[in-house]
Amino acid sequence: MKFTSVVTAGTAVVLALGLAACSGGGGEGGGGGDDDVAITMLPKNLGNPYFEASTAGAQEAAGELGVAVDEVGPDAASPDAQVPFINTAAQQGVSALVVSANDPTAIGDALEEARSAGTKVVTFDSDTEPQFRDLFVNQASAEGIADKQLELIAEQIGGAGEIAILSASANATNQNAWIALMEEKLASDYPDIELVETVYGDDDDQTSFDKTAALLQSHPDLKGIVSPTTVGIAAAARYVSTSEYKGKVAVTGLGTPNQMREYVEDGTVEAFALWNPTDLGYLATQAAAALVAGDITGAEGDTFEAGRLGEYTVGADGEVLLGEPFVYDASNIADFDF
Amino acid sequence: MRSHARPWWQRALLTREMLTVAILVVAWVVASATVRGFDGPLTITYLVLDIAPVLLVALPMTLIVATGEIDLSVASVVGLSSVTFGLLYQAGLGLWAALAASVLLGAVCGAVNGALVAYAGLPSLAVTIGSLALYRGLAVGLLGTTAVTGFPDSWTDGATANLSESPWPVVTLGLLALAAVFAVLLHATPFGRNVLDIGRSSEAARFSGVDVRRTLLILFVLSGAVSALAGVYYTLRYGSARGDNATGLELQVVAAVLLGGVSIFGGRGALHGVVAGVLLIGVLGSALRLEGVTVNVINIVIGTALVVSVVAPRIAGGVRVRRRASTSPRDGSAVAQRS
């Protein structure tokens, strides 16, 4: 009996102290009273270099605007794990929630509840259905991605010659839309460039590697490969970097700096494109602050000033477009780690 | 034996279960007093919605752990049931029929576990780690990375709606009813006595006429069926059927059951302790999230509480045995009975 009492009292005290200690520390970290603008940044998951870059951008914007940004998030990128964090933001009554959605509908109810409590909701990177948020900060438009890739390949092959596309799977929605736009644009604006073949690496490293080898075998005059998928461009660059084609066949497309770093450094790849996640987090935070301040409501045609990125206009369906894709090359790749 | 000298109220209050209840009360009071935003009405609503699947799955888990076995496949059954429910609805089946079919599938999943444990005599830890991977694999394989959405609003709203103006969600009623059913089953029926007898000694239970195999099979079937029910709730709450739904839920469930005072070695446990254990995990998570504590720290706190809850009774028991042994060497029979 005595020991049960001791254990009861002891454990209760430990837990109570623990909770009190945590609340003391967290309270200071949370920063600011009720009058201040508090923004919660909720990426798909924590520990993901891509979102670490976007949160760095959010913090940069917060510093300039004088608002507080707290990053919270689950350790796995699943929607059910994101919901408790959205609920918490609603309980805290934060001014705005900036979220990259793990599911377009599953977190919708939680977001609606947060909004009914007065919290502004901005999605970035991955959108929800439009009715669940005030704004979506879109990283790139299909036209922008298609145009930028053609611009890069044209520059790298000197404006004329045979090119091929190494895509993801044959029914990948995004890639197919971009390829269709590139085909149109090639026909109208690049008469000297010929698209000889489109192959599919299924977003599998080995398949993409093999398809690259096959492309180069069957088209001896090939001057460039465009791969609008991060898996494909890395596999193509790996094949070309160790083959006789290195320096003769250009490789470009959409890639991430960490995957492409060694091929940019060894000269296989001159430049590739992707959006800049730091700018994306920066813009999303600027947009959230503009909503909170009442400068914009999220209606089409609203304009707001986004610090170093300049002025932005809200498009149809509450979308704000970050801009043209960002070009990574030897001069800037060292600045990025994702 | 000294314990017989305790008044009845001490015997009722100074139990392992009441320890968890006491910690829960302390945690709630401390959180209400110190955590900004915790004392609002939203806390209760979100707490109940968040713990609902954990509590559902913990009910049959309590009985399984009380027999000395474990079912680690529960979260995967939740995921598989979510996917089945979604696919059947998408295929044009009515929601009630899809619900029934999902629960039936869950019962089959549980029966497979139960048959391997009870009739093939395999350790439940090994069997259910295997089926954890198997059922999750099936769930993700069936839907891939896509999700089934578009369930009728009347159903998804029902999963999160509150009882009129109160902060209590409607699901509270269902949870209370099911918890009551399992409490009666464990504490007031011959079946419940058999469960605890098996936990104390499966050999002795068999010799005294308990059908150990049948009892275990029934428990695993119940676990599968209730987990599947939790899967349907999960789907409706988030309005989305996904293969990765409820990944890792088994950890919270086992933690709640052990925090609630059920012995991992079987033979003892009570339902009210487990309900308090589930609530305690929910309150700690909610309070710590409100304080902006990261998910890793929350896991550390819950993990530590879990280890302490398993280790503390052993240490306390060890001290008690040594004390008795040194003060009254002739009292050996009582020591043997206790340990």
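Note that Cβ sites are derived from N, Cα and C of the backbone, with glycine treated the same way.
TrEMBL labels come from automatic prediction, so no person has curated them.
Annotated by TrEMBL as transmembrane segment, the relevant range among B:133-151, B:152-170 is B:133-151.
The stretch with the most CB contacts under 8 Å to the transmembrane segment (B:47-65), chosen from B:95-121, B:171-196, B:216-236, B:296-316, is B:216-236. Among the recorded stretches B:133-151, B:216-236, B:248-266, the one sharing the largest number of Cβ pairs closer than 8 Å with the transmembrane segment (B:171-196) is B:216-236. A contact between the transmembrane segment (B:216-236) and the transmembrane segment (B:95-121) is present, since 3 or more of their C-beta pairs, 6 or more residues apart, lie under 8 Å. Sequence-distant contacts of the transmembrane segment (B:95-121) (same chain, at least 6 residues past either end, Cβ-Cβ under 8 Å): 69, 71, 73, 77, 80-81, 84-85, 88-89, 127-128, 131, 135, 151-152, 155, 212-214, 216-229, 231-232.
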